[in-house]
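Working notes, structure below.
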Amino acid sequence: MEIRERDGLARIARFDTPHGTIETPTVLPVINPNIMDITPEEMKKYGVHGVITNSYIILRNDRLREEAEKYGVHSLIGYDGPVMTDSGTFQSYVYGSVEFNNRQVVEFQKTIGSDILTILDIFTTPSSSRQEVENAITETYRRMLEVNDAGGMIAGPIQGGIYPDLRKRSAELMNSTNASYLPIGGVVPLLESYEYDKLVDIILNSKLNVSFGKPIHLFGGGHPMFFAFAVYLGVDLFDSASYVKYAKDDRLIYPDGTRDLARIIEIPEWSPLFDKYTVKELKELPKEQRSVELSRHNLKAIFMEISEIRERIYEESMDQYLAQKAKSHPSLLKAYVKVMQYSKMLEKYQDLFKKAAYFFYDSFSTKNTYVARLEKFTSKYLTSKKKETYVFSRKDWLPGYTNLNFVRDVYERTECNALIPWSGIMVPAELENTYPIEQTVSSGLEPDPDVSAISESISPFDIRVYKGESVDSDKIRSFDLEKIRTIADYQFGYGIGKDFFKDDVRIFKSKTGRIRGVFDKGNKLIATLRNDGFFTLTFHGATLLYNVSKSPNLRVFVKNESAEYNAKGYSVFFKFILDADPDIIAKNETLVVNENGELVAVGKATVSGKELREYSDGIAVKIHEGRDQSAK
């Protein structure tokens with residue numbers, strides 16, 4: 001997988017097949033080689049990058065098998081793009097068995113030129129017992145090993161039923177094989193019964209236990225209603241027969257659900273049927289023709305949602321989109337609550353900042369990944385200092401509107417902490433300009449922060465509600481200096497700030513009072529303090545950070561052949577990475593180190609630390625200053 005854009009676990013990526021590149025997220029429409037009312041060639045205009053067809057159907061039909069063996073599956077279905085073939089697993093589940101074994105099915109898929117082959121795995125359902133699921137995992141793993149040397153791109157399905165630990169085990173087993181494409185199987189019954197909250201558990205326990213370099217496919221997840229949730233959790237591909245199945249039942253797919261033809265009075269403007277029929281004319285069409293036309297509508301709805309999701313990833317607004325989608329159906333809201341329960345786990349994959357503003361909608365927004373990150377930092381901020389803490393109401397200190405009276409009369413004359421309200425929690429006042437604290441667009445429905453919650457970190461006797469008082473003593477510290485130190489603690493690791501910004505650094509501010517530059521003995525430490533409130537380091541600043549931080553913190557270790565170019569300002573590519581700090585946050589400043597342990601450049605990580613070690617294609621770190629550039 002080559003990653004192009006990302007927003008947390010959601011990504012726009014691409015991978016190559018013998019018949020072309022597939023760009024994700026996307027849907028592979030299911031093609032029945034016996035009945036192709038909409039040809040794969042026609043599907044291209046809807047945004048189709050690849051299709052999936054069933055090798056078992058082809059194998060058991062003499063005419064189809066002979067044609068596929070002679071001319072290939074691409075010729076059989078009339079499509080020159082990437083073709084994935086399924087193995088007959090679902091048919092085995094429905095009918096009890098199939099007449100071909102795993103090796104025969106895989107060899108046949110190779111023979112007919114499939115781009116992505118699928119093993120004959122063991123299907124399990126949500127009602128399968130734990131023992132049945134364990135047996136299925138073991139047998140599926142054995143079958144994968146049986147064809148491990150088959151060559152090409154092989155799909156190794158992840159099973160595990162509704163048991164998160166078994167999903168994890170299956171994912172780890174499949175990841176250890178030559179399977180380079182990982183579908184999540186056994187989920188269709190959950191999708192059909194709208195049990196989306198269980199799918200959240202299944203997807204995350206699969207996704208987070210395999211390599212980020214492998215595509216993740218949600219087998220059977222063909223309705224757009226759940227696409228955004230699945231992509232948010234790391235799914236790259238879906239397959240869909242629903243566009244045809246629903247059409248045969250006179251049902252129209254919309255991005256937020258399904259509607260019966262008998263109950264609609266308008267054809268939406270985005271539908272390919274809008275200028276072609278009235279609703280009355282559509283209802284009066286012969287059944288077979290009507291099904292074909294409704295299939296076109298359904299296909300358009302599916303890919304319209306995929307297009308919107310891709311745009312949201314590019315905008316880095318998937319959090320907002322998920323919050324909006326959650327209110328479209330009670331089952332999605334239940335799934336959203338489940339996603340929020342994973343916020344602490346997902347936080348490490350969340351960017352340091354985003355292009356899009358942070359939207360606060362309601363109480364659910366208090367469970368966001370950024371809230372989890374800031375709560376964790378605030379706890380460290382309080383427990384490490386353990387001193388008098390002033391708390392503010394929204395009317396006394398809003399992010400970006402510093403309470404200068406407090407700074408002058410109290411903060412700079414004491415060693416106190418200061419906490420301001422944001423999204424229903426209290427955060428350090430020194431972080432007021434950092435993302436997402438200042439970059440929040442709020443509904444105004446934030447709950448008042450529970451001040452008693454911070455009593456877990458400090459004594460309740462040390463908490464003060466600011467009421468305009470003043471301390472009668474001399475100035476003993478600078479708010480600006482403490483601000484940049486706290487930002488450094490948040491951005492680079494707690495405790496770094498004081499070592500990085502010594503007492504004698506010079507701070508330069510804009511006419512509006514914003515900190516814009518920091519110098520150490522005439523050397524610029526930060527190239528800029530951006531609108532997101534975080535630091536972009538110069539190479540001199542990176543050198544100081546390298547000296548005051550412990551390896552492997554914030555470091556990416558690269559081959560010397562790459563380091564030579566990185567020192568000149570060229571980006572780091574994934575394929576040259578030897579190792580990386582697993583705790584690196586996407587978009588944070590990253591120290592590029594050669595095989596000798598020498599700092600050669602500083603740049604911005606494009607992905608998280610775990611991802612840095614697992615992708616093989618694309619840009620890993622965008623360099624903004626190399627050692628050789630600094631020396632000029």
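Heads up, the Cβ atoms here are built off N, Cα and C, so glycines get one too.
Not measured: the values here are computed from a predicted model.
For reference, Swiss-Prot has these:
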type: ACT_SITE; residues: ASP86; note: active site, nucleophile
type: BINDING; residues: ASP121, GLY186; note: substrate binding site
type: DOMAIN; residues: 553-628; note: domain 'PUA'
Work out the three-state DSSP category of ASP86 (active site, nucleophile).
strand
How long is the line from the C-alpha of ASP121 (substrate binding site) to the C-alpha of the residue listed as 'active site, nucleophile', rounded to the nearest angstrom?
10
State the Cα to Cα distance, in Å, between the residue listed as 'active site, nucleophile' and GLY186 (substrate binding site), rounded to an integer.
14
For ASP86 (active site, nucleophile), just count the other CB atoms lying within 10 A of its CB, please.
27
If you draw a 10 Å sphere around the Cβ of ASP121 (substrate binding site), how many other Cβ atoms fall inside it, taking every protein chain shown into account?
28
Mean of the pLDDT scores, which run from 0 to 100, over the domain 'PUA' (553-628):
98
Which same-chain residues, if any, lie at least 6 apart from GLY186 (substrate binding site) yet have Cβ under 8 Å of it:
PHE123, THR124, THR125, PRO126, GLN159, GLY160, GLY161, PHE219
